[in-house]
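**Q** Taken from TrEMBL, the feature domain 'Isopropylmalate dehydrogenase-like' covers 7-359. Among the features that TrEMBL reports, NAD(+) binding site is placed at 79-92, 286-298. Sequence annotations record features per position, and here TrEMBL assigns substrate binding site to 100, 110, 139, 228. As annotated by TrEMBL, site 'Important for catalysis' applies to 146, 196. Annotation source TrEMBL lists Mg(2+) binding site at 228, 252, 256.
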Ligand code: NAI
Ligand code: MG
């Protein structure tokens, strides 16, 4: 018997989801062999698979399995088959939003990593990203302008107007700030807090709270940046960043920008964390219906999602580092799935299973 056991709810979903999930599970098998740990896995249907097999994108049995777990490993959901359903019943809206709500997933982690071997796939000049970069956007996910009331469209004196409310409470800011600083300690110990404190009151408060919390982390370097400048700095010199701390809307935009700099969606994991250690881990991309069923999808985003699960929910830094290093090694060795294959010498084109096998071998 392993000395530690973690319960993982495995939700492969649709399209390439099950294909890449199988590879991530192989990596978990390898981690079990290498470390004194056991992952108790329970599979559940979600998204289109949930609709087809149990009548709902997020069936109650799936919710129960997730509630009994220490973390959720999620594939991806959606596809043309379910696109004619009413919006709230569709795979993505019907599963992801309720999961965020049920589990209080207030913190979204989106790393943007460019591995040294893949700098050619970025839209940025080689000289800017030489040697790769690794930054992490920490985005507040359940507050801010996307959720605050009042919001709406109304007519006043014959003129239509739309309005939203930007609102953050001090506890909301403090909670996400602590996550960012705790994570920075496990990385390069730098936090850049993104706001618009020259214009927005929420940002003035944001900055005050971040400053106060930062005093408890003297070992972490804090800087502040206006969001417009941050958008610019990301394309100018991404290597200056370690952790970027953002409210909901700024984080939405900045994380998409950062992801695109890497040039390969099939490589990027993400995590959504609740208070405590519970989290949901999934690739940044979708179910890729255009390549589903062909066995050619890149499993790295799913494998790195499993690595984030080890790091953030299970406290297994060493194992997570080992998975990340194994991914970097196979890329250095030239293994490429179609999405990252550039046809240069030294590259070996592989399919989903071969990429998974290579990563397990490197482990
Ligand atoms: P997508 O991310 O599925 O695909 C965009 C492009 O990236 C496609 O060309 C796809 O082949 C490629 N790609 C994505 N992941 C890849 C991987 N691992 N390996 C190789 N290539 C990969 O986004 P799209 O096409 O906008 O959406 C497709 C479906 O996925 C839709 O039904 C959408 O609703 C759903 N979706 C689900 C998400 C989730 O489950 N969290 C997130 C985004 C979209
Ligand atoms: Mg977005």
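Including glycine, each Cβ sits where the backbone N, Cα and C put it.
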**Q** Count the Cβ atoms, other than its own, that fall within 10 Å of the Cβ of residue 296 (NAD(+) binding site), considering every protein chain shown.
**A** 19
**Q** Cα of residue 79 (NAD(+) binding site) to Cα of residue 100 (substrate binding site): how many Å, rounded?
**A** 21
**Q** May I ask you to report the DSSP-based helix, strand or coil state of residue 110 (substrate binding site)?
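**A** It is in a strand.
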**Q** Output: those binding-site residues from 139, 228, 252, 256, 288 whose CB lies less than 6 Å from an atom of ligand 2, in sequence order; none if no residue fits.
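**A** Cβ under 6 Å from ligand 2: 252, 256.
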**Q** Reduce the DSSP letter at residue 87 (NAD(+) binding site) to three states and note it down.
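**A** Note: residue 87 (NAD(+) binding site) is helical by DSSP.
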**Q** In which DSSP state, out of helix, strand and coil, do we find residue 196 (site 'Important for catalysis')?
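**A** Reduced to three states, the DSSP call for residue 196 (site 'Important for catalysis') is coil.
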**Q** In whole Å, how far does the CA atom of residue 256 (Mg(2+) binding site) lie from that of residue 110 (substrate binding site)?
**A** 9
